[in-house]
Amino acid sequence: MKRAVVVFSGGQDSTTCLVQALQQYDEVHCVTFDYGQRHRAEIDVARELALKLGARAHKVLDVTLLNELAVSSLTRDSIPVPDYEPEADGIPNTFVPGRNILFLTLAAIYAYQVKAEAVITGVCETDFSGYPDCRDEFVKALNHAVSLGMAKDIRFETPLMWIDKAETWALADYYGKLDLVRNETLTCYNGIKGDGCGHCAACNLRSNGLHHYLADKPTVMAAMKQKTGLK
C-alpha cells in the first residue's frame with residue numbers, strides 16, 4: 001500500500017497537493033501545525049477540508065514553541081502584515097524562520113510512524129514570496145539529512161516547485177476541484193477565507209494567478225501538463 005503525509009495548511013497550495021495525493025496514493029494522512037499564527041483560522045479550514053476530501057487521518061500538532069522563538073508578522077499581532085509591494089527586496093517580515101525546517105522534520109517523523117513513503121509539501125520556487133525555505137535546494141538538503149537521521153528513505157515531494165500560481169490553479173482544475181480551492185481554502189495572511197483580504201502578498205499571488213489562468217485556460221493547462229508530466 002502506498003502511503004503519503006501531506007503538510008496541510010488548508011491554503012490553495014497544500015489543498016491542491018492533497019487533491020493530487022489522493023489520486024496517487026492509497027492512503028493519505030494530513031498534518032497541520034498550530035504555531036500561534038495570526039491566520040490560525042486556517043487550522044479549522046484544514047480540518048474541514050481534510051474530512052471533506054477524504055484523508056485517512058488528520059493530525060494537528062501544537063508547535064507554539066515556534067511562536068516564542070520566531071519573530072514575524074505572522075507570529076506577532078503587533079507587527080502589521082505589509083501590503084503587497086511588487087518591487088520589494090529582501091526577505092519579507094511574513095517569513096517565519098525555521099518554519100519549514102520544523103514542519104518537514106515533524107511530518108517525516110509522522111510518516112515514519114504510519115509507514116508512509118513520502119512527505120508532500122506545497123512549497124514553490126517559481127513565484128515564491130522570497131522565503132529561503134521554499135527553495136528546491138533547501139528541501140533536497142533537509143530530505144537528505146532526515147533520511148540519514150532516520151535510516152529510512154522518506155521522500156520529500158514538491159509537486160508545485162516548478163509551476164507558477166496560474167498553473168497551480170490549472171492543476172486544481174485538472175482534478176475537478178477549482179471551485180473548491182477557490183472558495184473553501186484560506187491562503188490570506190490576515191486569515192480571510194476564499195479571495196482573502198486582497199492586499200497581502202499571498203492574496204496578490206493567488207489572485208493574479210487565478211486571473212491569468214481564467215484568461216487563457218488552454219495555454220496554461222498545456223504548460224502545467226508539460227511541466228508535471230500529466231496527460
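Using the three backbone atoms N, Cα and C, a Cβ is placed for every residue, glycine included.
Under DSSP, Ser14 (ATP binding site) is assigned to a helix (H, G or I) in the three-state scheme. Around Ser14 (ATP binding site), the same-chain residues six or more apart in sequence whose CB sits under 8 Å from its CB are Val6, Val7, Phe8, Ala46, Thr121, Gly122, listed in sequence order. According to Swiss-Prot, the feature ATP binding site maps to Phe8, Ser9, Gly10, Gly11, Gln12, Asp13, Ser14, Thr15, Thr16, Cys17, Leu18.
Under the heading Zn(2+) binding site, Swiss-Prot lists Cys188, Cys197, Cys200, Cys203, citing sequence analysis as support.
Fewest Cβ neighbours within 10 Å among the binding-site residues Leu18, Cys188, Cys203: this applies to Cys203.
The Cβ of Cys197 (Zn(2+) binding site) lies under 8 Å from the Cβ of Cys188, Tyr189, Asn190, Cys203, each of these being in the same chain and 6 or more residues away along the sequence. In the three-state DSSP assignment, the secondary structure recorded for Cys203 (Zn(2+) binding site) is helix. If you take the Cα of Gly10 (ATP binding site) and the Cα of Cys200 (Zn(2+) binding site), they are about 17 angstrom apart, rounded to a whole number. Cα to Cα, Thr16 (ATP binding site) and Cys200 (Zn(2+) binding site) are separated by 21 Å.
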